[in-house]
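First up is the structure itself, then whatever we jot down about it.
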């Protein structure tokens, strides 16, 4: 699947190492390979954006290495491809040797996988399923400040799905563990690949059922009900959390305005 990049090769360039992304001038490189000193490098074609190829180059650059979060305000499709590149780069870096027999591995030529030529084991990129849920109580939405978000942003509740657990069970458990309340009338909304580091967010809306807010201090700094027209600082546009909040606000406006 990989190839040597030639002088006139063009497209979008995902240059990644250790979950970082090369962002000269704060943007994803776009254009001729020669303009970015990429001629002669090995590259994988990982997709297409606006009719042009998207290439992954496994390489560290001394300057301008940043987080994929810096391109979250790009078009959703391009952000997803950037996230794919960063996750694949980390997958290839962390799977150089077989976990069963210890022998060197090599990339598959037909799929995103690493193969062991000794014991024939096959490894795929790990994806961690997560739930994220907007909870409505009449004209209000439950928003919380997480311990890892010290910038004042309030968002909806989220968490990882545990082994042997359904998505619906994960929603009920995470909400109870983090806020102490029960929910009902769960409804699936959408999903979003989230490369921090390798999650797949499954988004839901739910209604408040019972209980008083009792936060888990290991997870949350605070949690409260906020009326739809009096909200605190929210996650940025482009995130599934922001979409859930905006969808909930739209439902409240339709009913209470």
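Placement of Cβ uses the backbone N, Cα and C atoms for every residue, glycine included.
Fair warning: this is a prediction, and the values are worked out from it, not measured in the lab.
According to Swiss-Prot:
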BINDING   69, 111, 124, 192, 193, 194, 195, 196, 197, 198, 199, 241  substrate binding site
BINDING   98, 101, 116, 119  Zn(2+) binding site
DOMAIN    125-248  domain 'Nudix hydrolase'
BINDING   158, 178, 219  divalent metal cation 1 binding site
BINDING   174  divalent metal cation 2 binding site
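Note: the CA-CA distance between residue 197 (substrate binding site) and residue 158 (divalent metal cation 1 binding site) rounds to 15 Å. Each residue contributes its Cα atom, and for residue 195 (substrate binding site) and residue 158 (divalent metal cation 1 binding site) those atoms are 15 Å apart.
Residue 219 (divalent metal cation 1 binding site) sits 35 Å from residue 98 (Zn(2+) binding site), counting Cα to Cα. In sequence order, 116, 118, 119, 121 constitute the residues six or more apart from residue 101 (Zn(2+) binding site) in its chain with CB-CB distances below 8 Å. Model confidence over the domain 'Nudix hydrolase' (125-248) is summarised by a mean pLDDT of 95. Checking the binding-site residues (69, 124, 174, 193, 199) against residue 158 (divalent metal cation 1 binding site) with a 10 Å Cα-Cα cut-off leaves 174.
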